[in-house]
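Since the structure comes first, as structure tokens, the remarks are kept for the end.
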Amino acid sequence: MLWIKCCVVLLVFTYASHADPVCSVPDSGKASVTALVLNMAKSVGPCVTPNPSVLLALNLVDKTFDPATADLLVKQLKEDAVTKVSENLPFSSGKVALYALALRSSCCDITNIPYSKGNLNLVSLLENKTKEEIKSIEKEKKKPLTTFYQVALDVLALCVVNSHVAFQAGTTLANAVPSNPTSPDFSVDTAAVAVMGFTCVLGMDAAPTKTISSVKNALSVLINLMLNNQMSDGIIGNIYSTGLAAQALTAAQSYYTTTSWNCPLTIQKVLQEIPLGTFSLPIAAAQVLPFLQGMSYVNVKDKQCTVDNSPRITVEYTIVNNLVEENFKYTIQVEVLEGSTLLQVMQKAAQINPKEFSFSTTDSEWGVFVSSINNLAGNNNQRTYWQFFNETTPLQLGVSSYKPTNKEHILAIFSKF
Ligand SMILES: *[C@@H]1O[C@H](CO)[C@@H](O)[C@H](O)[C@H]1NC(C)=O
Ligand SMILES: *[C@@H]1O[C@H](CO)[C@@H](O)[C@H](O)[C@H]1NC(C)=O
């Protein structure tokens, strides 16, 4: 499918600012957190329904994990969103919001996801769905089409993608928050997501005064709701609402006296629950992990994504050994930036398929010398070495100097000298 390739446009990202966590995981708890990340990442697979919260968590976690996992999730989420839209399947506003947040956390261009029938603009879809929610709350029945939880996700995602509809949605949601919320409409989970959405909106440029005052008001009501739901063991609400609530209290720390939340106790309780398997469901791990890293969903907004439009080339790379047992021949297509060296092509191949394309090098006066590929090393006594060709012509330059051109076919052939 062609449209999948769109996200292959490499996007470079960095965090513009770092969260200043209210508290952090002590060294003794770090192994548990790593185990939780790995366990959650294991839930991702080719035949598993993709979970946007897992991608969000992976992208917020300050660790280098297997990038193939995130790539697979991005591909699956895009395919899933496109299927839902093109086949008119249910896709509620909150779900669109989560997909938008997750794909944005991977620096995808969510305004332009190409597919067979055109382009899917997930931001426009989210704006439209949110406007329907707003209409339902304001005009019809004082209730959203879905739930306030989903509307809170809408506000958060609209803000993260910098849509001005976030102001309208934020105001409507804020006005719907009762001064003393007790109803199931505003549980700790809903309050947590709304607090993240409101905190994000207050950080947007040019927020209308009306929005600011309504949102600040509702923000303080919902922060109090969460603080009042702190248990003596550090849980906020129940163990499963604790992750979102703690993310929210981390994000909104400039809007309350931080001493009114016993953050270290919450961390301690969560760490105790990890080995008990409490967060073994991917969604449970995904909600608690950003908090354990001192992050919240609001931090997705700080992630600076710059589109790298540098031209790319495709190089075909083949490794052949017909000289010694066991013979082998493998071919791979590699996409690299134009101007990359053959060494960079080989590194990319090894990254995509380490089993067959791993190699080792030694440095010599002549540049980098390839000593082995696919665990087969040249041997001076047997007068064997790895020789490089473009098609049939031996390369005159070393791998660290030679720059293949687009569609060039490079062969590494195990040879005798
Ligand atoms: C959102 O609504 C506008 C106006 O009705 C429409 O033109 C646009 O196609 C809609 N966007 C999506 C993604 O459905
Ligand atoms: C192989 O290299 C030669 C010499 O550098 C060049 O003229 C030729 O175009 C290359 N072949 C391919 C298929 O790129």
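Cβ coordinates are placed from backbone N, Cα and C, and glycine is handled just like the others.
Feature annotation from TrEMBL assigns signal peptide to 1-19. The disulfide bond feature in TrEMBL is assigned to Cys23-Cys263, Cys159-Cys200. Annotation source TrEMBL lists cyanocob(III)alamin binding site at Thr146, Thr147, Phe148, Tyr149, Gln150, Asp189, Asn238, Gln287, Leu395. As annotated by TrEMBL, domain 'Transcobalamin-like C-terminal' applies to 339-411.
Sequence features, as recorded in TrEMBL, placed on the structure.
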residue	record	Cβ contacts under 8 Å, 6 or more apart
Cys23	disulfide bond	Cys263, Pro264, Ile267
Thr146	cyanocob(III)alamin binding site	Ser92, Ser93, Gly94, Glu133
Phe148	cyanocob(III)alamin binding site	Leu173, Ala176, Asp185, Phe186, Thr190, Ala194
Gln150	cyanocob(III)alamin binding site	Ser92, Ser93, Gly94, Lys95, Ala97, Glu133, Pro144
Cys159	disulfide bond	Ala166, Gly170, Gly197, Cys200, Val201, Gly203, Met204, Lys301
Asn238	cyanocob(III)alamin binding site	Val188
Leu395	cyanocob(III)alamin binding site	Leu342, Phe388, Phe389, Tyr402, Ile410
Cβ-Cβ neighbours of Cys200 (disulfide bond) (radius 10 Å): 27
DSSP-derived class (H/G/I helix, E/B strand, else coil) of Asn238 (cyanocob(III)alamin binding site): coil
Cys263 (disulfide bond), number of other Cβ atoms within 10 Å: 20
Predicted model, mean pLDDT over the domain 'Transcobalamin-like C-terminal' (339-411): 92
